Amino acid sequence: MTLEELITEGRNPNTMDIDRLSTVDMLKKINEEDKKVPLAVEKVIPSIAEAIDRIVPRMKKGGRLIYVGAGTSGRIGILDASECPPTFGVDPGLVVGIIAGGDSAIRNAIESAEDDVEGGRQDLVNINLTERDSVIGISASGRTPYVIGALRYAKEVGALTIGLFCNENKNVENIVDVMITPIVGPEVIMGSTRMKAGTAQKLVLNMISTGVMIKLGKVYSNLMVDLQASNEKLRERARRMVKLATGAKEDLIERVLNETNYNVKLAILMIVGDMEKEKAQKLLEMADGYIAEAIKLKDLVLQGEE
């Protein structure tokens, strides 16, 4: 596939005059194009759902979720991965972002790194990729050599391979298990895929990581009950979440949170289930961390004791 054949490299007929518009009209043009992104993502929801449903069983067996990309695509992967530990309380090694050119490429563009096919492979070798892992190759064009090299190696290892591209690429179907292709069309500025393509990638990765974490029991209702309350803002959020989940009084919430070292999930179960810390911990372990399941188990245990 040549550069001219890529949709993301096309010239946008709607923005040909953007250099002659007023600031407000220029921004309206950009905004009009941006509105197309969530609609493009909506069309690929079935593929996103398939990816989530195939990632979760692997993670339950000890697998990791790994994002691989170059340039903007790599940075977006790192951004999403880096937010998982504080948001969902997971180990920093569970969701990993890898960028062509290494960490220095996060701040400074290393454009030549994307052409390194072997680099994509080697970076996955360096993190000891296994068949339990899931690898998402992120590329606006769908043909970035670094990303293709990584996906090819992941396929060889037996890992789940997912392609997140903004162009169709039938040439990689043999190395990609799940293809996610939000087609956002030509960019406002020709070839500037940090714009619509990057936004689409961000939306999709948000959906994948959030969906996976929900299915791993990291969310109760719509509360991030495994957050790490590492500063005052997050401690305040923790108190509010326990309040919303339990309706308990402030003094009880404060006491239980202090007793659990601000473990929101444990605090909610202790209050809702009216139980001691040790029993709540045991039920959570039995329920694989799912609060709703732990509450059901408590009721079953009580029925068995009657």
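Heads up, the Cβ atoms here are built off N, Cα and C, so glycines get one too.
For 55-218, the entry in Swiss-Prot reads domain 'SIS', with the evidence type sequence analysis. What Swiss-Prot records for GLU83 is active site, proton donor, and it gives sequence analysis as the kind of evidence. The feature active site is assigned by Swiss-Prot to GLU114, with sequence analysis given as support.
Averaged across the domain 'SIS' (55-218), the predicted model reaches a pLDDT of 95. Here the active-site residues are GLU83, GLU114, and the one whose Cβ sees the fewest other Cβ atoms within 10 Å is GLU83. Taking CA atoms as the reference points, the residue listed as 'active site, proton donor' and the residue listed as 'active site' are 24 Å apart.
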